[in-house]
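Student: I am attaching a structure below and will ask some questions about it afterwards.
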């Protein structure tokens, strides 16, 4: 559609350029912008245009346009608003969805912009009304309807307005009463309290009293007596009588009309199909309660205005005041519209393939052309933000039939594609220790063991009182949280579980389980040492990809293969994975285009292969749904512009961000549905409410109220954990907040979750724990290649057998400040004086240590201390002393870090005395004294150094520190 700027109203210039809400009021047929201070105020005699601009994850802006018609607005103003909305859409590029909003029948999406409610005021521009603050407060009665958003309507202040089904708010001069009809739900009552808070803040400066009255309690308390006194005393309420607002319209019958020359002509057809819509025309789809206007991409601005008028007339003539009109442009159809059609092929974004570039580059390289410039890969996409601490404790079990086997620490990250696993990960959260219990299903695993794994994980969660989060993960669909937990993750072909062995025996298929002496090919992927994977693939040339590094081995040879589009990071990860897959064999490097014959022989010869990097489902903008699950039927309702307050403790909610599904379960949900939370998540994927072709293997998380981890709360603009620490149902909690001036009051401290599952002890055995990498300060700059001295010190703080990585783990960003409650000081953990003192003493002397479980060291902001009584003065002195020691320890660590970073990469130029290898190695029975134990190799003679390391000292010190450490460990000099 080509549009001249002369056809567009100048009031819309520059509109929709940034996220937010913009509103115009129709004044003398001209859209006039209203100031930000007036956003949310509507007058019954006016018509408005509301533009909501949303910034999407893709960086694009989405526009939704609503035109709101007050109950007393004139037909001319309403018509102007409808036409100007079409012009605004044209000014924005013709992509916006347009909604007709009638006072009292607004869409939930529209009301979500103005939470908790809108209360239109009498008057308007046409009547010359000027808003003046009344000197005397007028007693008003409002009816509230809605479970997720609230429709508020002022009704006559009379007993006849009340009924048992709705909730009413009586706003008097000194007190606000909420009357809860006996047939209203807890959720509706809780939402109505948000309106009470709004009225209290807006019309009473937040100072008046609030009271609730329960329908049927007669004169049980003073508040009830006072409430009924305004109505002349108590009397039974009449039954609700049906009126025009309560009429329902058949939405099962849908009719399609084509608009030509201002007339809506029926389109014949038994079923609706996408092919019925012509891009050169406009159509009306009448669904009773909803009327859609579909406008082809090539239609003119006048055609669109005419179609909109025809739809308005259709609604008006059939007397359907509640019907909503939605106008959509071809290519930007909404989910409700597309769902009316039998088949609708949704356009997908095409990705540019790297195949052509890779093949041409490889051909040129074989012809002797320098392809260095051609081989530069496209800028890497930003790595997803990590929202989980990776310094926690991990336990992993392999499922064998109906039983599970605990894995040794060395095997925690080595999975088989034919097996299922259960894992438990305990880690420091923002306010308490958090636990994630999950299952991982290999692609070749059997259904029986998958069911066993889910049952085992669910029982673990249930035994811990539903505090941990639960995850269901499939091979190939792992989220970033899982990879960060596992760190060096390897997936082998085949399996060793009883279920897998039984399956291949019954099916009489070959067992391709990984054999370290056989031919195996691994694809290396990841973003760094804390997130790297080696995936075993078929040992054939077609499995190669120019964007990756590979490891290929048989019983006697090891090759690394570098694709032309791979990076230096990929090379580093391949070197690290070699340490795990083939630690004792020297590898031979192969570059794409210059491979040896032996390399191709192991792969069975050359073949065509891809060069396009494998991509995972991207995370999309989150959508929140409220769920009801009865008789195996799942019903969902989308909550727009959601906040934490939309989560009701009696209900189950789902956040859908396409790549992952989060099922949130309130504390007051019935026990039966708590146990079915994972099933509800699976049913949601099957339902595919957004028609986005959700993968049935998408990760599902089950999150219990009160145990929300950071990777869940990140979807909310703010999060207050004290709200879930309150007792009672949603209504009782909201009432406490309203009566407390809008501040949540925690009834009890959060329970600290146990560190592990099973047995009598809550702490796992050290032998079964994998030592984790750790970061000494969450605010430290990322340091590459820590030196042996620093690594040795870090190892002391973790455990004696700690595994050293070259980089600290990713820092988990604190999303929200800790919630402050009147009793928060009571919940703060006690200072670990003895631990700090003992660790500080390590700098002078390291005494023999008893076996202990490695615990993460995590810096946390200091909290103000409340003054203690005089009797505790001795304890205060001890605490001050310990704080000094802690500060000293931190400063020494930072100082050492700076010194070691400065030494990074410095060659050995000192004139040190030479000592024999037998006296320098760590296991020596006659060790040399007075040497730097972090540089034992420097005291070797040049000849013995070359014999042990296979290189000169000069070449050795040019290697990165992590590689130096690897060589030193191999010869017992580290």
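Cβ atoms are placed via backbone N, Cα and C, with glycine included.
Sequence annotations record features per position, and here Swiss-Prot assigns repeat 'Gelsolin-like 1' to 29-79 based on sequence analysis. The annotation repeat 'Gelsolin-like 2' is assigned in Swiss-Prot to 150-190. The repeat 'Gelsolin-like 3' annotation in Swiss-Prot covers 262-305. Look at Swiss-Prot and you will find 394-451 tagged as repeat 'Gelsolin-like 4', backed by sequence analysis. Look at Swiss-Prot and you will find 532-572 tagged as repeat 'Gelsolin-like 5'. According to Swiss-Prot, the feature repeat 'Gelsolin-like 6' maps to 634-675, an assignment based on sequence analysis. Annotation source Swiss-Prot lists region 'Disordered' at 738-783, 801-833, 845-930. Taken from Swiss-Prot, the feature phosphoserine covers 777, 787, 890. Per Swiss-Prot, compositional bias 'Low complexity' is recorded for 824-833. Marked as compositional bias 'Basic and acidic residues' by Swiss-Prot: 872-887, 912-921. Sequence annotations record features per position, and here Swiss-Prot assigns compositional bias 'Polar residues' to 888-898. The domain 'HP' feature in Swiss-Prot is assigned to 909-974.
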Student: Using DSSP, tally how many residues of the domain 'HP' (909-974) sit in helix, strand and coil.
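Tutor: The counts are 33 helix, 0 strand, 33 coil.
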Student: Tell me the residue counts in helix, strand and coil for the repeat 'Gelsolin-like 4' (394-451), as DSSP assigns them.
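Tutor: Going through the repeat 'Gelsolin-like 4' (394-451) residue by residue, I get 8 helix, 32 strand, 18 coil.
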Student: Going by DSSP assignments with H, G and I as helix and E and B as strand, what are the residue counts for the repeat 'Gelsolin-like 1' (29-79)?
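Tutor: Tallied per class, the repeat 'Gelsolin-like 1' (29-79) gives 8 helix, 23 strand, 20 coil.
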Student: Tally of helix, strand and coil residues over the repeat 'Gelsolin-like 2' (150-190) according to DSSP?
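Tutor: Its residues fall into 8 helix, 16 strand, 17 coil.
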